[in-house]
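Step one of this worksheet: look at the structure below.
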Amino acid sequence: MSCAPNASHSPIFLLLGFSRAGVPHTFLFLLFLFIYLTTILGNVTLVLLISWDSRLHSPMYYLLRGLSMIDLGLSTVTLPQLLVHLASDSPAIPAARCLTQFFFFYAFGVTDTLVIAVMALDRYVAICDPLHYALVMNRQICARLLALSWVVSIVHTMLHVGLILPLCWAGDAGGNVKLPHFFCDHRPLLRASCSDTHSNELAIFLEGGFLMLGPCSLIVLSYARIGITILRLPSAAGRRRAVSTCGSHLTMVGFLYGTIIWVYFQPPSQNSRNQDMVASVMYTAITPLVNPFVYSLRNKDVKGALHRLLRQGRVDS
């Protein structure tokens, strides 16, 4: 597809998401630097803790370690570039780098949603069919489910990258295209394009919607069955233990899926751009930040492993 004389397939994009926020860039830089460093610390600690402590070598923690590694990638795709732009006041990004960021953001983001669905399946088997848990959810099967999540995610991402590559963008006199966002996300790229984007929008709602509907259905059905099983437990202590096991996962499911549905599956609207960016901050920065703390602070096994590690460190010193 050829572009109009004033348009290009590979312009320079200007990421202006925070330029009109009315907040000093120094404050935003320090805020997002704190968020990024805390995200790295929390997720790396959880990954190392699960790898180190043999008591955490179960399928649930194997999946949780995988989720932490994905969260590390998701935050690293967006936040370091945002910090550079805030520090330099130069929000320009070439088209090739923009599409590279788009690819890795989608690859990590979609894998994140799929792994969370696999974790719901893990909790379903553990609570509803505990006698067969070791057979159904062993590490080999978990590894295959993680690999399948990555394959589905990459195929999905390549489809959307392929649909974006032919698009044209009309820039200003300097050839720059302004994006009212802080990273190269789907909606801002489509809104700024001067090409026909109906096929892209259709792919988001049909293929992307199907990809969201599958994991969402699995999560809803798993927790509906879990809820019925919990209500049938004879002891109050058993019910509390089961609810505690699932509570942290349900919290993050609602947070992640709610913000993604808000951004990608509502009709495009000029008035929703600021809300879209806030929601994007939630799932690109806040969700990877709080995941390790939600899963560890509500989990006695993880807290116990951390205490043992700290005690061993004091003894060795």
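Quick reminder: no glycine exception, Cβ is built from N, Cα and C everywhere.
Unlike curated records, TrEMBL annotations are generated automatically.
The structure displayed is predicted, hence computed values, not measured ones.
Per TrEMBL, domain 'G-protein coupled receptors family 1 profile' is recorded for 42-295.
Per TrEMBL, the feature transmembrane segment maps to 27-50 (among others).
For 62-83 (among others), the entry in TrEMBL reads transmembrane segment. Distant neighbours of the transmembrane segment (62-83): 15, 29, 32-33, 35-36, 39-40, 43-44, 46-47, 50-51, 93, 101, 104-105, 108-109, 111-112, 115-116, 118-119, 122, 139, 142-143, 146, 182-183, 284-285, 287-289, 291-292, 295; these residues of the same chain sit at least 6 beyond its ends, with a Cβ under 8 Å from one of its Cβ atoms.
When Cβ-Cβ distances below 8 Å are used as the criterion, the transmembrane segment (103-121) is approached by residues 60, 63-64, 66-67, 70-71, 73-74, 77-78, 137, 142, 145-146, 149-150, 152-154, 156-158, 160-161, 183-186, 211-212, 214-216, 218-219, 222-223, 249, 252-253, 256-257, 260, 283-284 of the same chain, each at least six residues removed from its ends. As annotated by TrEMBL, transmembrane segment applies to 103-121 (among others).
The transmembrane segment feature in TrEMBL is assigned to 141-165 (among others). With a threshold of 8 Å between CB atoms, the same-chain residues lying at least 6 positions outside the transmembrane segment (141-165) that come near it are 9, 59, 62-63, 66, 99, 102-103, 106-108, 110-111, 114-115, 118, 121-122, 186, 189, 199-200, 203-204, 207-208, 211.
If you look at the transmembrane segment (202-221), the same-chain residues 6 or more away from its ends with a CB under 8 A from one of its CBs are 110, 113-114, 116-117, 120-121, 152, 156, 159-160, 163, 186, 253, 257, 260-261, 264-265. The transmembrane segment annotation in TrEMBL covers 202-221 (among others).
Summarising the annotation, TrEMBL assigns transmembrane segment to 242-265 (among others).
Residues 17, 32, 35-36, 38-39, 42-43, 45-46, 64, 67-68, 71-72, 74-75, 78-79, 105, 109, 180-183, 185, 248-249, 251-252, 255-256, 259-260, 262-263, 303, 306 of the same chain sit 6 or more residues outside the transmembrane segment (277-297) yet have a Cβ under 8 Å from a Cβ within it. Annotation source TrEMBL lists transmembrane segment at 277-297 (among others).
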